[in-house]
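Annotation comment: TrEMBL describes 128-147, 153-178, 199-222, 234-253 as transmembrane segment.
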Amino acid sequence: MGALVRFSIVGLGYYCNIHDNIPDSSGLDVGGDATIKKMLSFWWPLALILATQRISRPIVNLFVSRDLKGTTDATEAVAVLTATYPVGHMPYGWLTELRAVYPAFDKNNPSNKLNAGSPVTKSHIKKFTFCCLALSLTLCFVVFWTPHLSEKILVDVIGVEYAFAELCVIPLRIFSFFPLPVTVRAHLTGWLMTLKKTFVLAPSSVLRIIVLITSLVVLPYMGVHGATLGVGSLLAGFMGESTMVAIAACYVYRQQVRTPPMR
């Protein structure tokens, strides 16, 4: 039902505000050079990234459960993960949408050339991104590190018992560090989308899964188990992914610097 409502709102907004304003064709100077091949090359890395993000949580649940060998502790750990995912995701999940800012406003995007009067610059985009990161980090540390506040949210909103809520405290505090890699990934992904260089993002999804599984295998030997193992491994996967995205962005930037401008 939620997906249907969202689809209806987006569809209505499109037909009311966008549909009649889209030209039948456009010149190369405003990005009108799209072909099926170019669209597929732009789309498939983003689809691969989304797919790896979707399978991360089931992989975590599987490894956490197998680590505790099907005992009642395993059931409890998976239950803690299920309760902490939505609460931990709230303060930083929206940062992913920062990837849409660059394509919408950056002047390197040919489709934005018609809107030459816009005052938005790269500096504005970076400042906006930093403010969003600061807000998210503040929310995370206030909500998850204030004594008894996260337990109260779990008890009053999720409806769990207080003893169970106490088991969620450490995993939720680990979620406090997610905003940084998520913001880096979103900001640089948006920039690469503007340049239509999404192909360099593909390795980041592979590295995320590799780091995630490696952490799930190695951390138990260091005494980390249960929900803490799951959330900690997710964080490691996020860090690996954002690091690879940063490396890809540096590679593209160096190519731009070395390539002389067309005259």
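Each residue, glycine too, has its Cβ placed from N, Cα and C.
Heads up, TrEMBL stuff is auto-annotated, nobody curated it.
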What residues elsewhere in the chain lie close to the transmembrane segment (199-222), defined as a C-beta under 8 angstroms and at least 6 residues from its ends? 41, 44-46, 48-49, 51-53, 55-56, 59-60, 63-64, 67, 185, 189, 192, 229-230, 232-234, 236-245, 248-249, 251-252
Long-range neighbours of the transmembrane segment (128-147), counting only residues six or more past its ends (CB under 8 A): 88, 91-92, 94-95, 98, 101, 153, 169, 172-173, 175-180, 183, 186-187
Tertiary contacts of the transmembrane segment (153-178) (same chain, 6+ residues out, Cβ under 8 Å): 76, 79-81, 83-84, 86-89, 91-92, 137, 140-141, 143-145, 227-228, 230-232, 235, 238
